[in-house]
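Reviewing the structure listed below.
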Amino acid sequence: MSPYITASLLFGLLLGPTITATSSHWLIAWMGLEINTLAIIPLMAQHHHPRAVEATTKYFLTQATAAAMLLFASTTNAWLTGQWELQQMTHPLPSTLIILALALKIGLAPLHTWLPEVLQGLDLTTGLILSTWQKLAPFALLLQLQPNNPTLLVILGVLSTLIGGWGGLNQTQLRKILAYSSIAHLGWMILILQFSPTLTLLTLMLYLIMTSSAFLTFILNKTTTINALATSWAKTPILTSLLPLVLLSLGGLPPLTGFMPKWLILQELTKHDLAPTATLAALSALLSLYFYLRLSYAMTLTIAPNNLTGTLPWRTQTTQPNMMTATMAASSILLLPMTPGILTLFNI
């Protein structure tokens, strides 16, 4: 792909969420979402492989459906209330439709089935963009909404945490595991959205840091399956020692960074007399923790076969880990002691 085209597409990726996040009008916000979608589709299809083309087609159809639902809901709201403002979503019907449309856009359960399949068909770099940057614009809208249907958000959140944990248990492909991990984390964010939007924002920020560090390490090691992780210690030994901690942090294990949002969310849920919901969410975190432990075990406690097939990947030259990957990995592990400062920063 021409560097000029790539630069234009990356500019579109930056422009779309910026328009959506700064807009207060539904039509402008919808345009920002569509710019974002149209910018990533050529990046997804740049490798002319049947799986990539299939993934791009699935992604386009899903996003087009969600965009049509969103436009229909905002038009219905304007018809019923005479308002196009984001904060004036007062009627329950368009409000529910918009939440479902945004849930389909980001891949919340039970509207999640496209996400693992699409992510599996992409290369790791585009998968990183899809799992992190593409979540920002829909979340910018969700954070501005005043939800009229809190029960729907709780149902979507609990289903996502359970299905995200359950779905990743029998996977061997890293991209599918990270897709189910994404679904589970999005469930935690939606669960707490109506009670503490700033806590949702904090959870989203930490999710972006931890997921980016995992993806960047897999990109450096060129690994896409659990079996290939066994050879990664010979390629980048320092990162291989850090990545299991990053994965356990994604699972929410103390004393790592990922424990912070889960701990704060469970505390907030119990404050609002939702102890059964908090219990279900905590149990679903154990499901997710199991497949993160599988990955950590494959990286640290297994030895690759000592034959020609197993030895060849060790001898490939890899690029040296860059500063961004190292910084993100460190942030994914070491931020828990800074919880009081972070809470003050976010006014939680």
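Heads up, the Cβ atoms here are built off N, Cα and C, so glycines get one too.
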Swiss-Prot annotation (transmembrane segment) - matching range among 238-258, 301-321: 238-258
Residues sitting near the transmembrane segment (60-80): Cβ under 8 Å, six or more positions beyond its termini, same chain? 26-27, 30, 33-34, 37, 41, 88-89, 91, 93-95, 97-98, 100-102, 104-105, 114, 118
Could you tell me whether the transmembrane segment (273-293) and the transmembrane segment (149-169) are in contact, taking contact to mean 3+ Cβ pairs under 8 Å with a sequence separation of 6 or more? yes
Listed stretch, out of 1-21, 177-194, 238-258, that has the most CB pairs under 8 angstroms to the transmembrane segment (328-348): 238-258
Would the transmembrane segment (96-116) and the transmembrane segment (1-21) count as touching if the test is at least 3 Cβ pairs under 8 Å, pairs 6 or more apart? no
